[in-house]
């Protein structure tokens with residue numbers, strides 16, 4: 001096939017071994033200057049029009065944006081408390097650390113709930129789990145709006161984190177269900193855009209609404225928004241879970257017959273089936289059964305439970321996955337530090353900002369985040385494409401890593417501005433632009449490149465990579481909510497931000513040896529079962 005191809009034997013070069021993440025591009029690729037036209041369709045689609053890979057573009061857009069809006073609303077309502085801290089402190093008589101734990105507890109439950117949400121969505125389907133948990137989000141927001149004691153409000157925050165956790169993994173599964181491998185990078189980037197936009201713009205809304213109408217009004221707005229996006233899922237989000245033939249993922253000669261038993265076929269038969277498949281791409285649509293509010297549980301439910309619960313723990317110890325998770329956790333938790341401390345700093349007599357004005361400073365995160373999303377993916381793709389052409393058409397996964405350099409520079413500056421700017425009370429535009437803005441730039445660009453690299457190396461476990469990254473990010477975020485104000489009270493803001501700086505710069509520095517030795521890590525794990533995990537879905 002002309003265009004971009006992956007040939008494991010040829011990609012291995014003189015070594016005679018296949019290394020996932022090393023791809024041989026055809027001569028057409030090099031002559032076209034790296035064009036992606038004619039990419040091989042992986043996974044290989046069937047000719048069933050109801051298979052999500054075959055849906056027409058309008059149906060894919062309706063489905064994806066229904067889920068993306070759902071993600072935005074859930075994140076917005078969960079991670080927007082910071083500008084309301086003065087009101088909540090007066091209402092419940094809370095100190096700074098108690099206030100930060102209102103966010104920290106929500107963050108920790110957001111992360112760890114995905115350990116059971118992922119198998120639930122694999123067993124019962126993406127649609128019913130999303131709708132069911134969306135209704136629970138409505139109820140927990142009502143609970144937050146009506147809470148009259150600190151303990152009740154704290155419990156509501158914890159429960160909201162549990163049910164809002166669908167925002168962190170189901171969209172990633174939907175992307176894998178509906179889009180081919182060469183399309184997933186764009187949609188993962190778009191997912192990060194909606195996710196972090198909720199965290200960026202939510203505080204803007206909460207601060208202004210609380211200042212004008214009281215803090216409970218924000219949660220009533222969250223109730224209305226959560227109800228709206230849940231109803232949107234009912235009418236615009238069909239089921240995307242699809243049971244695939246393992247050969248569509250692996251290209252092996254082992255097919256399943258109608259009884260579900262292995263059926264060894266001749267190579268000529270397999271090629272004939274593959275040639276026949278793919279004719280319905282872009283022409284299909286959801287079937288009536290995919291709109292059902294209840295999906296028949298997968299008969300392999302026990303396999304999913306074992307796989308989805310154990311695999312993240314196994315994947316956690318993979319050096320490349322662990323590095324990518326840290327590269328997501330670092331920028332996200334720097335954002336959390338700014339989020340936890342912005343109200344105390346700008347609401348102090350030194351600045352005298354109102355809660356609404358504190359919320360408006362979060363526009364800087366949003367602007368920086370949009371710049372990061374628009375530039376990180378294209379820059380890393382361009383850099384990898386350029387390096388591939390120079391390497392005679394052989395692409396290595398590590399070729400995209402140099403694109404991290406400019407974003408890591410902005411990331412470093414953001415830490416320094418937070419440390420010294422907070423300590424010495426710099427002019428607020430400097431803190432907002434170079435601290436908040438550069439942090440927003442880093443929080444969308446660095447994870448986009450790092451997660452894309454990990455997925456290049458281990459495509460079949462893209463969902464598990466996100467689970468590991470989410471759990472690590474939110475676990476560290478919960479720890480932050482404990483020590484930020486204790487360290488500030490004892491040693492000042494420089495100690496807070498430089499501690500965060502030390503933690504965050506470790507994976508950044510590890511990018512250098514990873515660039516040179518990452519292929520060796522991939523070679524050592526080339527025979528791992530991780531490369532065959534997707535065959536179970």
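Just so it is clear, glycine is given a Cβ too, placed from its N, Cα and C backbone atoms.
Just so you know, TrEMBL annotations never went through curation; they're auto-generated.
TrEMBL lists 1-23, 276-295 with the feature region 'Disordered'. According to TrEMBL, the domain 'Major facilitator superfamily (MFS) profile' annotation covers 56-522. Look at TrEMBL and you will find 68-87, 99-117, 129-147, 153-176, 188-211, 217-237, 309-330, 363-384, 404-422, 428-453, 465-485, 497-517 tagged as transmembrane segment.
Applying DSSP to the region 'Disordered' (276-295) sorts its residues as follows: 5 helix, 1 strand, 14 coil.
Between the transmembrane segment (309-330) and the transmembrane segment (68-87) there are fewer than 3 Cβ pairs closer than 8 Å, counting only pairs 6 or more residues apart in sequence, which means the two stretches are not in contact. Ranking 99-117, 217-237, 428-453 by CB pairs under 8 A with the transmembrane segment (404-422) puts 428-453 at the top.
Across the domain 'Major facilitator superfamily (MFS) profile' (56-522), the prediction's mean pLDDT works out to 86. Contact count against the transmembrane segment (188-211) (Cβ pairs under 8 Å) is highest for 363-384, out of 153-176, 217-237, 363-384, 428-453. Taking Cβ pairs closer than 8 Å, the transmembrane segment (129-147) reaches residues 67, 70, 74, 77, 117, 120-121, 153, 155-157, 159-160, 163-166, 170, 216, 219-220, 222-223, 226-227, 229-230, 233-234, 237, 293 in its own chain, all 6 or more past its ends. When Cβ-Cβ distances below 8 Å are used as the criterion, the transmembrane segment (363-384) is approached by residues 185-186, 189-190, 192-193, 196-197, 199-201, 204, 335, 338, 395, 399-400, 402-404, 406-407, 432-433, 436-446, 448-449, 452 of the same chain, each at least six residues removed from its ends. Annotation: stretch 99-117 has the most Cβ pairs under 8 Å to the transmembrane segment (465-485), among 68-87, 99-117, 153-176, 497-517.
Here the transmembrane segment (153-176) sits apart from the transmembrane segment (428-453); fewer than 3 CB pairs are under 8 Å, leaving out pairs fewer than 6 apart in sequence.
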